[in-house]
Amino acid sequence: MSGLIVRGARLLGGETGDIRIVDGRIDAVGSVDPAAGDHMIDADGLVALPGLVDLHTHLREPGGEASETVLTGTRAAAAGGFTAVFAMANTSPVADTAGVVEQVEALGRQHGYATVRPIGAVTVGLEGRQLAELGAMAASRAQVRVFSDDGHCVADPLIMRRALEYVATIGGVIAQHAQEPRLTEGAQMNEGPLSGELGLAGWPAVAEESIIARDVLLAEHTRSRLHVCHVSTAGSVDVVRWAKKRGIAVTAEVTPHHLLLTDETARDYDARFKVNPPLRRAEDVEALRAAVADGTIDIVATDHAPHPDERKECAWAEAAFGMVGLESALSIVQHTLVDTGMLDWAGVARVLSTTPAAIGGLAGYDAPLAVGAPAHLTLVDPEASRRWSTDELRGRSRNTPYTGITLPGRVIATVHGGVPTVLDGALVDADTVATTAGGR
Amino acid sequence: MKHLLTTRDLDREAAVRILDVAEEMAATADREVKKLPALRGKTVVNLFFEDSTRTRLSFESAAKRLSADVITFSAKGSSVSKGESLKDTAQTLVAMGADAIVVRHPASGAAHRLAHAGWIDASIVNAGDGTHEHPTQALLDAFTLRRRIHGADARGRALDGTRVVIVGDILHSRVARSNVWLLATLGAEVHLVAPRTLQPAGIDEWPVTVHALLDDALATEPHAVMMLRIQRERMVDAYFPSEREYGRMWGLTAERFAALPADTMVMHPGPMNRGLEIASVAADSTRSTVLEQVTNGVSIRMAVLYLLVAGVEEERA
């Protein structure tokens, strides 16, 4: 049977080798003799990573198709080296029923660019009052395991306690958007000297840290699992570190943008830099990088949040929160963690693939690039360098904060379950991907 | 100078120049014919996304005395309330021939965006943006102080050594921010007074002395006390417990007014809450500059429009 051979890639142990993919699985790794009819990818100088997994993506469909769809969002994902994305629940209608999550999951399967695992809402309509039918979503064809009201905090301590307890019965996890709502009413940017100067309402670090502190104690009390979304402050890192030391089952993520950008970017009132939680101080950026390096923060997740131009080309307070991140995530991780010597490529595989898959209960990622495993892999050229612009984006929206910055690294190929979605640095067209994926 | 967005980027020379030009403008107000031909054929648009009759009338009056054509665009009941964006509105006005846009907007940074987002190419005057800045108010306050202190001899002077106490809701006050930067640039000694709840983050890094209690600040025997308007709805957000307590602790009461040095000026950007942040006896006294501030506002706005619109022409020539 003919296969696909990745020739001469740098494997995670640092050695150079080939990878042969047959029938959607990794057939051989090391020195591989091509069989007749095998397609070849020349991977000389490229690093082979397991397919990247994003635990925090906003695909916007249903309801937000002007910003993104499952198709455009998974194309952006593939371009960024991702083979699986967890789609947040804040769509319209909200993903709080089995029907919605099944629809989103099916769209992902139909298009074939990436595995789409819907995240279910914790509460009906994300309103924080009544638990959504977590069991029904878990038992649906979408097999939901991650639940989040992201965009909103599950602020009511009783609802949070019950959600943590309830989700344990179905083997899931609550992914909390930690934001004390009363402490952040009208909040526009990090509370600090610059918010005071610019006259923008502050979003204080304590509004995040106090919720995380409460939630890790609730997780301990209920003996449940907690995942903390987009940790953004040094204080939050301290709380998570304390909780882990105590043996509490907590995992945490950081976004690429919180690993690079600071609140100084607000100075020009350019709303491309408006995001929730807000960009913080340089000290926070340093603490977040160190926390990824020492494992306190388990994963990097994009919080890819597409918005149309008109939601950003306006006064800061009127603009939407969020930035796109799928296409740039790996470059930002390389820039902030690999090129600074804080993480090696095996570490990148851990924070962007193995661990997010494990947290999300996604099978097929526990043995990266091992023979017999599903063939999800990403080839990155670490020597490449790009001056970032909106031309690098493949989704429907253009709200990237990195325009004009020179970033290292470039995804040359992405293979999702044996199906190439990116080849020679370009997306494979939608028909080919859908047909090839459908044929499996 | 192309725009006036903040007092932060005015250096001492530029600030004094604006005040000096405003003196020239004020002199014309005493003439029989008050109108100057300086901006004949130019169009000044007042773009007001927020109600402010006083500021709007002041800018209108200033532009008209310079013979500019004035278009006033109030956002209420307009296409803006039908969802048209700041960008589209501004582009429309520039397409109609605006040379300068005076913008008042409830969002901090709106004027900055208009000037720097690349949407339009017109001079922008910030007439108040959210809780950020209100530079012409600070300029007219400095002008008022300088006139009271130096009289006819004011031209060319700054405010070195002038002690000014600014009291009230610093957190939400665009007037306070603009005054802090400008007064400091002009050499004044600025004291800010507010309960901790109404002090912005980072206030310790400002070029000021911060006091929590009004009496501590008044003990410095200031040359001027500037009372800021306190919004009653701040109580709901727990910034302070009651009007009575606010007035008692941070209001310029009759007793505090009586205890001030005899020549201390009393300033207020208006509109005043009499009996809350300021007692009537203080507001109505001869030491109050409230009405002078209004008069001086027109001169300052004339100077700013002249320097931005005619000044740019000069530089190009």
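Each residue's number is its place along the chain shown, starting with 1.
Including glycine, each Cβ sits where the backbone N, Cα and C put it.
No curator has checked TrEMBL annotations; they are predicted automatically.
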**Zn(2+) 2 site partner of A:H177, A:H230 (as recorded in TrEMBL), chosen from A:D150, A:D156, A:D215** = A:D150
**One of A:D294, A:D298, A:D303, A:D309 listed by TrEMBL as binding Zn(2+) 1 at the site of A:H56, A:H58, A:D150** = A:D303
**Prompt:** Fewest neighbouring Cβ atoms within 10 Å: which of the binding-site residues A:R60, A:H230?
**Reply:** A:H230
**Request:** Measure from the Cα of A:H58 (Zn(2+) 1 binding site) to the Cα of every one of the binding-site residues A:N90, A:H307, A:F321, A:G322, then give the nearest.
**Result:** A:N90
**Complete:** For A:D303 (Zn(2+) 1 binding site), the close binding-site residues (Cα within 10 Å) drawn from A:N90, A:H177, A:H230, A:F321, A:G322 turn out to be A:H230, A:G322
**Asked** Around A:F321 (substrate binding site), how many other C-beta atoms are within 10 angstroms of its C-beta?
**Response** 17
**Message:** Please report the three-state DSSP label of A:H177 (Zn(2+) 2 binding site).
**Reply:** coil
**Prompt:** So which of the binding-site residues is most packed in, judged by how many other Cβ atoms lie within 10 Å of its Cβ, out of A:D150, A:D303?
**Reply:** A:D303
**Complete:** In the three-state DSSP scheme, A:F321 (substrate binding site) belongs to coil
**Item:** Inter-residue C-alpha distance, A:N90 (substrate binding site) and A:D150 (Zn(2+) 1 binding site) (nearest angstrom)
**Value:** 7
**Request:** Starting from the Cβ centroid of A:H56, A:H58, A:D150, A:D303, the recorded Zn(2+) 1 site, name every other residue in that chain with its Cβ within 8 Å, sequence order please.
**Result:** A:T57, A:M88, A:G151, A:C229, A:H230, A:A301, A:T302, A:H304, A:A305
**Prompt:** Expressed to the nearest Å, what is the distance separating A:H230 (Zn(2+) 2 binding site) and A:D150 (Zn(2+) 1 binding site) at their Cα atoms?
**Reply:** 10
